[in-house]
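Enquirer: The structure is given below, and queries will be raised subsequently.
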Amino acid sequence: MREIVHLQTGQCGNQIGAAFWQTISGEHGLDGSGVYNGSSDLQLERMNVYFNEASGNKYVPRAVLVDLEPGTMDAVRAGPFGQLFRPDNFVFGQSGAGNNWAKGHYTEGAELVDQVVDVVRREAEGCDCLQGFQITHSLGGGTGAGMGTLLISKIREEFPDRMMATYSVVPSPKVSDTVVEPYNATLSVHQLVEHSDETFCIDNEALYDICMRTLKLSNPSYGDLNHLVSAVMSGVTTCLRFPGQLNSDLRKLAVNMVPFPRLHFFMVGFAPLTSRGAHSFRAVSVPELTQQMFDPKNMMAASDFRNGRYLTCSAIFRGKVSMKEVEDQMRNIQSKNQTYFVEWIPNNIQTALCSIPPRGLKMSSTFIGNSTSIQELFKRVGDQFTAMFRRKAFLHWYTGEGMDEMEFTEAESNMNDLVSEYQQYQDASISEGEEEYLEEEEPLEHEE
């Protein structure tokens with residue numbers, strides 16, 4: 001089977017991770033201690049993508065939980081699904097990274113990283129045919145951002161040919177957690193551009209908007225936000241966990257979604273949106289799902305795809321859905337919104353189907369888009385970065401941990417390059433002279 005090893009780092013990563021495991025345990029009929037009491041063989045058929053079977057009919061997640069302070073992990077352990085995880089897979093330090101990327105990447109995190117890699121190696125050895133890794137973390141803090149990116153590059157060294165997917169919570173314009181978020185995020189993006197295969201960008205502000213606008217929650221908690229993220233994560237991994245007519249795995253997804261190696265930052269959406277307690281009572285149809293799925297209000301990253309163009313996108317439908325209906329709807333969307341799709345990648349929408357819907361829904365769809373408008377998000381962080389870096393504000397926290405200012409400059413220019421690459425492909429059209437187009441292409445090849 002094609003197993004995936006899951007890592008969660010830092011406070012944000014661990015909380016999203018915990019919500020994810022709660023969601024998929026429910027879908028596979030597992031209770032809080034990993035005992036199977038489901039009703040359908042389909043739940044068991046590909047259980048071992050994410051779970052190891054232990055003795056006594058118990059299933060244990062292939063998850064490694066990492067943090068530089070014990071607090072969040074104690075909370076996970078005390079939560080409803082805390083008994084699910086393998087106790088040796090909790091790896092934590094005592095000092096904390098204090099929202100300092102350098103602490104997570106170079107000092108505190110670097111001391112702990114070998115211990116984590118050992119646990120990851122042990123999990124990987126328990127797999128028949130490891131497909132890849134997924135990591136949940138935020139980019140604004142110290143541990144998830146600094147140590148998370150360190151882990152990614154370490155795992156890359158050890159398993160160069162496996163897929164690396166990240167679910168990264170990017171800092172949002174209005175909801176700021178710390179002052180140094182732009183620094184941490186820029187340094188992290190600098191790493192992700194080089195080492196990740198696919199990055200699903202999630203943005204707290206967009207999640208807040210969805211909770212307030214669509215779900216009508218007056219004051220959403222982080223629990224509500226994490227519930228949304230876990231719905232998307234469960235959707236993205238559906239094809240791996242359940243049999244379906246059109247399956248896709250992390251590698252197929254990347255092949256279909258990433259036209260140029262550096263441009264692997266995706267926007268995600270989910271439909272129908274429901275709040276934690278309520279399940280949707282009205283019947284949804286494929287046209288409604290497609291409509292809602294392509295609605296900018298449904299995107300979980302605060303950038304509006306109408307300001308850019310889709311290079312590629314992928315839709316994953318779950319439930320009793322007719323293949324033909326889906327194809328028709330997707331074609332319909334594409335022909336109505338031609339301006340939002342680049343014309344030099346024909347058939348750039350990929351569809352996957354899975355016959356098992358999420359709990360409490362008849363059907364659902366998950367959307368993954370590679371849109372050039374994601375540059376807004378990097379631009380915004382970059383502007384905040386530049387504003388502080390020009391005055392060298394807060395730099396001493398980083399240089400004190402042994403970082404060099406050069407690294408900041410490099411990260412800044414790498415992120416600016418990323419933005420202009422997105423812009424270049426947004427403006428590109430078929431009609432441009434072939435020759436000049438090829439010349440533009442070349443430098444990208446040799447960047448490694």
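The backbone N, Cα and C atoms fix where each Cβ goes, glycine too.
In case it's useful when we look at the structure, here is the feature table from Swiss-Prot:
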type	residues	note
BINDING	GLN11, GLU69, SER138, GLY142, THR143, GLY144, ASN204, ASN226	GTP binding site
BINDING	GLU69	Mg(2+) binding site
REGION	425-448	region 'Disordered'
COMPBIAS	432-448	compositional bias 'Acidic residues'
Enquirer: Neighbour count first, Cβ atoms within 10 Å, every protein chain included; then name which of GLN11, SER138, ASN204, ASN226 tops the list of binding-site residues.
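Expert: Output for this query is SER138.
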Enquirer: Who sits close to GLY144 (GTP binding site): which same-chain residues at least 6 apart have their Cβ under 8 Å from its Cβ?
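Expert: Listed in sequence order: THR9, GLY10, GLN11, CYS12, GLY13, GLY104, HIS137, SER138, VAL169.
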Enquirer: Name the residue among the binding-site residues GLU69, GLY142 whose Cβ has the smallest number of other Cβ atoms within 10 Å.
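Expert: Per-residue Cβ counts within 10 Å for the binding-site residues GLU69, GLY142 bottom out at GLU69.
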Enquirer: What number of additional C-beta atoms lies within 10 angstroms of the C-beta atom of THR143 (GTP binding site)?
Expert: 34
Enquirer: For GTP, with binders GLN11, GLU69, SER138, GLY142, THR143, GLY144, ASN204, ASN226, what's the maximum Cα separation in whole Å?
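Expert: Spelled out: the longest distance between any two Cα atoms in GLN11, GLU69, SER138, GLY142, THR143, GLY144, ASN204, ASN226 is 23 Å.
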